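Encoded as structure tokens, the structure appears first; notes follow it.
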Amino acid sequence: SLLLLVNDYGSSPERELIPYTALGILLLIIAALLAYAICRSLSYAQLFSSVCLTVSALWCGSGLVYILVGQGVLQPTDLRSSLIPGLAAFTLALLIIGSVALIVKKAVLAVIAIGISLACAHQIAGLAAAGFGQSATAANYLVVCLVGVYFGVGRLLSIITHGKVEPPGTGLKRKAELKTEQNQGCSDAVSVGLVMNLLSASVLACPLLGVVPRLFTGHVPWLWTAGVYQLGMCVLFYRAMDTLVATFYGFTALLRFAEGYSALLSFYSIQPFSPVPFPVVFSVLFFVLALFSCQKSLLEGLYQLFFVAYCIAIAAQPQGFFQGGTQGVQAAIFVVSACMLLITTFNMVSSTMIPTGQGYFKALVTRMQRFTLRAHDKELHTPHLGYSKYADAEVLGHACNVLAAFAVTATIGDRNPLYVLVLPWVVVAGGALQLLCGSVAFARGKTFESAVFMVYGMMWTVWGLTRYGGLYGETRGFNVSVGIITFMLFNILVTAAALFLNIAWFVYSFTFQLILISFLLDAVGALPFGYDIGVTIIFGLVSFYCFLGHLFNSTFQSPQIPFGKPFLKLRGVGGGANVCPHVPARKATSVQQIAIMKNGGICGMPTDTVYVLVAACNRPDAVVKAYVKKQAQDRPMSMWISSIKQLEPVRHLMSPLLLDFMQAAWPSSISMVILRWMDTFGLGDAAKHIGTPQSIAIRNPDCAVATHLINLVGPIAVTSANPTGEADTTHHNQVYAKLGDKVDGVLCDGPSPENIASTVVDCTKIDTGHIGFFRVGLIPKSKVLQIFEEVQRRHRQGQTNPAF
């Protein structure tokens, strides 16, 4: 605000104080910092995040427009037509958010939001009327600056005085209150996503209303800013475990990028052509999503129906986004988005709720005896293996394949490929968004699905850029063929792996192989007439079946849309045998479930270093089973405890120096090899598997999960989760793959915090004042020696442990 304040006060109609390029770059940097700060902070909860992210998008779009003018892409006379549609949208959006903040008595947020809203309104007036001065705009930014300084100074005083001095309006939510608000959902992201829809609708509706002459290059920054921010909202909603809303904002981001691409073509005086197939398919996808979104609220489902009408309008007119019908639907979306923004923002912060039709879908399904709804909680998105921060992304991934497949069925004829709106749908939908879905799938432990989405995303991106990006004519032939053959080899492996998963995934990958064959035949000039369109439509229909199946099955517990059984079954995990429970280690209930070790079970477990295989010491049969199934009979097991108190039965067998060293060094990633004593822990004949005839290794790990489990089952016998000669196991996927059919459970916690094993210290001769090292691992040798020397120094001064 201070930057714009100085620029507005110092500028004149003849000359800008700050050059356009410099102003644009500074606004971009500020917008990025603001968005980053809000994403990393939860202060002031949702309304604060909504205001800051909205202002960040405003300055991002404005900065890009200024850069285009400064670099000569746009003329200074185009500044009015470029800025007014975006500023109009943010004027209304910030006014709505500021009014809600005023209603709930958040004065600082209200002044900031309304102040920037009025500044945008005065800037519009200054652009529309040359005689209107910029001082009014600067005055509003001055108010925002003063409030910002007041809030910042207030927070600084509160921190310095530890909360004793806290000016009114500068207090932040306490952690307990923040947690309560976060449980209400990701409402701040909903508000920002609606603002981006409002922005896009404003840009497209302004030419229809005569505010600007036409859609042109100056509107690209606003449209692509909306697309980027909505992709961010998509990721946030996957973090919030809300697949439906994440998919919706993934869809709207695709529209924003396609709209921006159409506006960009006007720079080259190209009128884009919009073929029929994929807008119609997109409208079907939106309609299906709208039906299932009614389970959240009836209002949300009705809102998404406007985008169904929008896609139909695109398909109905060949010029797509440049036609009056399309822009008319966007005018309706502008009004509806403003109403939705008001309702959503108000419900987000107010105790009295505006009714949105929640519960009607559930009431309707309850009356239908054949359908049973799933409970929509976090358990619905329990990860495939262990702990994950994201919901399932298969719905969006399959939808992207549907769009990309039907996009390439468009007939170009004698037109330039750039003229036909295929490139954004194939590259952004089929490529970029599938890479996002692949990343989410990998985070959830679905390595096969992740590999499929990433390989197919790369293929759609490369094919789209070469075929529809103007490069294909020059490279057609052997050069393209080599790359396509490489992708075909990758997909053969994917298809073979799908044989062990289910019928749907096999058909899915097999039909994509047929598409790759059509790409190859086209590259070498031997493509049969109609083959490419036929196989692409088949793949699109298979993808639509998978899209509908995942959406339906995540909503209803019964009946289920079948995906089929595996074609091939092998012994173990992949063969559909009874596999062990794999549960997130971060839940106490999961650790209690894995406490089946008390009944003789063995399990894989994360530690402060790498994953290990464990068994309860008081169950000799389990210790023997762990030793045998690990298939490493030449490597003795070690014993782990949760505290030194568990060594009470054998305290008399250890010297005070050793016990003091244990107390000083533990809990940590230090294993100590001491003289053997094993007859007191009920191991019986299994004791021979722990340590050697002369010594054993003992450790107290610095890991809450391991400590909690040991507290439940007593001291445990531990061995590494990798066969002899292999690398250490550093992810629960590896434990599950190697030992899933041999153990009784796996506690999953993602990648290990360290890729290095523990440091093994030789304490068998500690009474002579010396220790040795069998292995230097995570804890360096100097650190261990420092601890030991400190314990020795205390003993020499007579400061022994009073407990002994």
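The backbone N, Cα and C atoms fix where each Cβ goes, glycine too.
The feature transmembrane segment is assigned by TrEMBL to 20-39, 51-71, 111-132, 138-157, 189-210, 248-270, 301-322, 418-442, 448-466, 478-497, 503-521, 533-552 (among others). Annotated domain 'YrdC-like' per TrEMBL: 587-779, in sequence order.
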Paired segments the transmembrane segment (448-466) and the transmembrane segment (503-521) in contact, 3+ CB pairs under 8 A: yes
Distal contacts, the transmembrane segment (533-552) - CB-CB under 8 A, six or more residues away: 281, 284-285, 288-289, 292, 392, 394-395, 398-399, 401-402, 405-406, 408-409, 504, 507-508, 511-512, 514-515, 517-518, 560-563
Result, the transmembrane segment (189-210) in contact with the transmembrane segment (51-71) (3+ CB pairs under 8 Å): yes
Remote residues contacting the transmembrane segment (111-132) - C-beta distance under 8 A, at least 6 residues beyond either end: 1, 4, 13, 51, 54-55, 58, 79-80, 83-84, 87-88, 90-95, 97-99, 101-102, 140-141, 143-144, 147-148
Positions on the same chain near the transmembrane segment (503-521), where near means CB under 8 A and six or more residues out: 405, 448, 452, 456, 459, 463, 480-481, 484-485, 487-488, 491-492, 494-495, 527-528, 531-532, 535-536, 538-539, 542-543, 545-546, 549, 563-565, 567
Positions on the same chain near the transmembrane segment (478-497), where near means CB under 8 A and six or more residues out: 448, 451-452, 455, 458-459, 462, 466, 472, 506, 509-510, 512-513, 516-517, 519-520, 523-524
Non-local residues, at least 6 beyond the ends, that sit with Cβ under 8 Å of the transmembrane segment (301-322): 204, 214-215, 248, 251-252, 255, 258-259, 262-263, 271-274, 276, 279-280, 282-283, 286-287, 289-291, 293-294, 328-330, 332-333, 336-337, 340, 421
Intrachain neighbours beyond the transmembrane segment (138-157), with Cβ under 8 angstroms and 6 or more residues off its ends: 1-2, 4-5, 8-9, 108, 111-112, 115-116, 118-119, 122, 165-167, 169-170, 172
Surrounding residues of the transmembrane segment (418-442) on its own chain - C-beta under 8 Å, 6+ positions past either end: 231, 234-235, 238, 250, 253-254, 257-258, 261-262, 265, 270-275, 278, 320, 390-394, 396-397, 400-401, 403-405, 407-408, 410, 412, 449-454, 456-458, 460-461, 463-465, 468-470
